[in-house]
């Protein structure tokens with residue numbers, strides 16, 4: 001019976017707890033967005049050594065439906081220690097789902113969580129791993145309590161303990177403004193804010209014109225020690241340099257564009273002594289929201305930028321609307337940007353290439369022409385005169401009709417000789433015709449050798465003296481010069497007078513007379529003799 005009653009009480013307690021939890025959840029869902037504003041609330045004191053912050057109305061009960069966010073920032077190379085050593089009371093719940101304090105190791109609500117606390121027991125001492133702590137206090141609409149009081153201070157970062165006592169950081173701040181501008185880390189060295197071996201913590205304050213906002217776009221970004229935010233980072237603040245206005249922080253390998261909601265932007269760069277090679281370059285553009293005024297350009301992304309930024313070679317809009325129709329201007333600007341040195345180098349190189357091409361073409365044209373001219377200069381026209389201009393023989397008119405038969409024989413002999421010369425003229429060189437004799441004077445010796453071979457084959461016979469016939473008419477013989485060395489062996493006197501007879505001479509006698517006649521013609525150049533028989 002006792003066990004039955006105990007079991008009944010346990011079941012009843014569970015039902016009550018469940019119903020109360022459902023009521024809490026329904027109340028939590030009824031909280032409006034206006035009551036859940038992530039803003040700082042309660043008391044806050046800050047100084048170089050630390051500070052104190054509390055829940056609203058502490059040590060009285062905190063009001064319902066409240067959400068307060070506190071961000072603590074330490075100096076470079078320092079960490080944060082957080083203490084809850086005063087009276088403390090927050091509504092208890094399972095896993096602190098209702099009223100609670102949430103602490104994260106970093107500057108954002110998505111930073112790694114350290115813990116969530118509620119109830120009557122004070123939280124332990126909390127230490128950050130870096131320069132920031134993010135603390136949120138949340139209260140639902142029921143069961144309020146006294147709240148909390150927290151104290152914090154700064155301690156040296158253990159990651160830098162090997163460096164000993166560090167020098168104070170140099171003052172490093174810049175002021176910029178206007179429709180656009182470039183923020184770059186190289187300004188630190190250019191303006192002598194710090195040396196190349198010093199750690200830097202620099203800030204750039206950007207102020208836009210009235211009723212304008214700021215758009216930031218990275219042109220260059222590189223961290224020497226990527227993913228080590230303690231050693232180097234670039235941070236963007238919207239409205240002030242306070243940690244509550246931290247918009248974005250980059251310490252990895254990628255940096256995204258940032259759109260600010262106010263007209264004041266702060267860029268902060270931190271780099272220790274071993275990260276001075278970290279660099280960035282950022283373009284800021286002041287813009288207004290539509291409707292655009294007359295002296296502005298609409299970027300099709302709810303941005304109105306100054307007309308002077310259109311086609312200036314830089315993308316000032318989120319998308320490159322301001323540079324899309326500037327091809328001609330880009331070409332002109334590219335030529336204008338060529339320095340005198342580069343222009344000279346390009347001009348000289350082009351001239352050298354053109355000269356080499358011209359010389360190469362001339363050489364290719366002249367080389368075969370040279371060979372042709374050389375061969376033409378070696379050509380001796382007298383050597384081939386007998387080939388191209390064979391001699392002409394003309395017969396004189398007859399003084400009578402009685403010697404027609406004898407004269408026909410002479411004409412036939414000359415005609416045969418012409419045919420022989422034409423056929424032999426086709427062989428310019430001895431080896432073309434198979435001759436075994438070498439020629440000292442070109443084709444002239446070919447004919448002499450042929451005639452000599454004919455005479456060599458014919459046996460020599462004594463020449464019978466010719467008796468001049470009676471009652472025979474005289475004929476006129478015209479002799480034309482033809483150079484022939486082989487004719488030197490004949491005596492012209494022996495053939496000066498050639499009697500014409502009615503009887504036929506023997507074939508051998510005709511050959512001898514024909515050979516001597518040709519030889520004599522070669523001795524007397526362009527000479528005409530009249531011989532009366």
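The backbone N, Cα and C atoms fix where each Cβ goes, glycine too.
As recorded in Swiss-Prot, the features of this protein are as follows:
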SIGNAL    1-22  signal peptide
DISULFID  41-68  disulfide bond
DISULFID  96-118  disulfide bond
DOMAIN    172-287  domain 'CUB 2'
DISULFID  172-202  disulfide bond
DISULFID  229-251  disulfide bond
DISULFID  292-304  disulfide bond
DISULFID  299-317  disulfide bond
DISULFID  311-326  disulfide bond
TOPO_DOM  366-533  topological domain 'Cytoplasmic'
MOD_RES   417  phosphotyrosine
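What Swiss-Prot annotates, mapped onto the structure for a quick look.
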residue: 41; record: disulfide bond; contacts (Cβ under 8 Å, 6+ apart): 56, 66, 68, 137
residue: 118; record: disulfide bond; contacts (Cβ under 8 Å, 6+ apart): 90, 91, 92, 93, 96, 98, 99, 100, 101
residue: 172; record: disulfide bond; contacts (Cβ under 8 Å, 6+ apart): 188, 193, 194, 200, 201, 202, 203
residue: 229; record: disulfide bond; contacts (Cβ under 8 Å, 6+ apart): 130, 249, 251
residue: 292; record: disulfide bond; contacts (Cβ under 8 Å, 6+ apart): 298, 304
residue: 317; record: disulfide bond; contacts (Cβ under 8 Å, 6+ apart): 285, 299, 300, 301, 303, 305
residue: 326; record: disulfide bond; contacts (Cβ under 8 Å, 6+ apart): 310, 311
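Every protein chain considered, the tally of other Cβ atoms within 10 Å of the Cβ of residue 96 (disulfide bond) stands at 18.
Under DSSP, residues within the domain 'CUB 2' (172-287) fall into helix, strand and coil as 10 helix, 59 strand, 47 coil.
Secondary structure from DSSP puts residue 304 (disulfide bond) in a beta strand. Over all protein chains present, the Cβ of residue 304 (disulfide bond) has 19 other Cβ atoms lying within 10 Å. Around residue 202 (disulfide bond), taking its Cβ as the centre, 20 other Cβ atoms fall within 10 Å, counting all chains. Of all the disulfide-bonded residues given, namely 68, 311, the one with the smallest number of surrounding CB atoms inside 10 A is 311.
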